[in-house]
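**Student:** Got a structure for you, questions after.
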Amino acid sequence: MIEKMQGSRMDEQRCSFPPPLKTEEDYIPYPSVHEVLGREGPFPLILLPQFGGYWIEGTNHEITSIPETEPLQSPTTKVKLECNPTARIYRKHFLGKEHFNYYSLDAALGHLVFSLKYDVIGDQEHLRLLLRTKCRTYHDVIPISCLTEFPNVVQMAKLVCEDVNVDRFYPVLYPKASRLIVTFDEHVISNNFKFGVIYQKLGQTSEEELFSTNEESPAFVEFLEFLGQKVKLQDFKGFRGGLDVTHGQTGTESVYCNFRNKEIMFHVSTKLPYTEGDAQQLQRKRHIGNDIVAVVFQDENTPFVPDMIASNFLHAYVVVQAEGGGPDGPLYKVSVTARDDVPFFGPPLPDPAVFRKGPEFQEFLLTKLINAEYACYKAEKFAKLEERTRAALLETLYEELHIHSQSMMGLGGDEDKMENGSGGGGFFESFKRVIRSRSQSMDAMGLSNKKPNTVSTSHSGSFAPNNPDLAKAAGISLIVPGKSPTRKKSGPFGSRRSSAIGIENIQEVQEKRESPPAGQKTPDSGHVSQEPKSENSSTQSSPEMPTTKNRAETAAQRAEALKDFSRSSSSASSFASVVEETEGVDGEDTGLESVSSSGTPHKRDSFIYSTWLEDSVSTTSGGSSPGPSRSPHPDAGKLGDPACPEIKIQLEASEQHMPQLGC
């Protein structure tokens, strides 16, 4: 019983095996070329490979009567070149006209470049939209009357591509942006082409036989003259198509044609170098095998099979077979074959596909060849290469537009290099400047500490050194030991803030507080902050100096007011500065900067203007200038506190005798 139940359960779990893999013999729907040649003619111009993979156009070549060429009398209307339909839209509708360009970055679509233009077609208002992505270019014309409200740029982009998912687009402000954009749009348009020309004689069914032919029949020579003009390769100035025009290593002559301002160079198999003993004739195959489209000329009725030539590039063939005509010239039968992933391309072949020699047929044939190459670009192998190339070019365009737009607004440029550690030495150069400034400030500190009892009156009410040597030491101009600017970056990627690395040079000095001598009524040093004339001039403009007449009175009044405050402040001095770097200003001043008042009349004496400034450099988006404080910071005596650095600004003038004032 158990075995029976288990058996039924196993039957339920059984599944049918997949069919066995088919061998190549199971996929042979077409006869081989040798089988076809064993039959009676006439034979078709093209035979499909045994395993398929190609399509054929133009299989009817029965000549019941001489074909008329009326359908080809107007090649400008019936025969036209097929290229990327969006490649010339920008040049036609946007370039030189009022329009707007934007750029953005989408997480899925990648880099986006968007162009829009207000257009009036007839009596109706329209929006012409052109969106470039890494895969393709979207174009549409939207009537404004169909919109409930006028859309913003993001909504406009979604009108042409619903997959757009960005918060905003950024305007392009570069005056030469149109040149960059039109160059990108038209990179898919080529004015130079190279096609292979293979001569197939009767009974030739392999690659080796095709490339080993050296003789040219009169019909083939006539066809080459019809196809283009014979040119000497030595010192040839036109498009050479990879042929050697200097040393003659790829033959002495070839066939060249200029068709509708497009240069075409033909790689003719019989004119390329022939190598004795080389069955594959690599000198010939390396040119024709690297072409994308080739013409196969048949003298007589021998079918051509597309897989005769092993090549990863050849995707389409135009087979032409000469047919004896009459006094009006020869007739040509034409068939076209291409790989399955190559889309159909025009102009379509007539039925029957037979042409009489003439300018109309030349127009048709050259147009067919050019359109064949454009169509081959859409094949899977070339489409991947094209997508990678397009993505790289679009990224380059995006970066160019962004950099130039930022530069037009005074942003980016050298600032981006400095914050990324490149340009101007980066971090290491800044660090060396900081260390250099630190040593200078410490030297000044040592000199000031050596002579603590020699003081004189300063403009702010403190006492300045009367010794000339000390005055020189104190005359070191605005020592900037380190710099920590905070910049507000306004760009498409949000507020990227980057602060250059600076080191606060704070020297801790411990000194015993001693009472001043009996004759000295004030401490060693006193500091007070003075209200500047404007907010932004606290560290830039020189303070107003009193005249010599009332100098003593002013100093006496301020010294009395600072008496209590000076006792609580530290006698040690530290040199530090906070310098704010505004947007768009290149270069960093980390050296010594002096503010001299020697040019002011009646100011002959040397003064030291000492002030306490509160470090108000904001790391927020504002980044306002450091502002002065009316009263000293509560923790001013703590020299090791980096949040409240002491800023000592020294103004030096000509070194002359300084009057001593007593309180």
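Even glycines carry a Cβ here, placed using N, Cα and C.
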**Student:** Could you check Swiss-Prot and say which of Ser74, Ser484, Ser631 is marked as phosphoserine?
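**Tutor:** When Swiss-Prot is consulted, phosphoserine appears for Ser484.
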**Student:** May I ask you to name which of Ser441, Ser460, Ser616 Swiss-Prot has annotated as phosphoserine?
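**Tutor:** Comparing Ser441, Ser460, Ser616 with the record, Swiss-Prot tags Ser441 as phosphoserine.
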**Student:** Could you tell me which of the ranges 1-23, 47-69, 185-207 is annotated in Swiss-Prot as region 'Disordered'?
**Tutor:** 1-23
**Student:** Which one of Ser437, Ser499, Ser571 shows up in Swiss-Prot with the note phosphoserine?
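**Tutor:** Checking Swiss-Prot against Ser437, Ser499, Ser571, the phosphoserine entry points to Ser499.
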**Student:** According to Swiss-Prot, which residue out of Ser515, Ser625 bears the annotation phosphoserine?
**Tutor:** Ser515
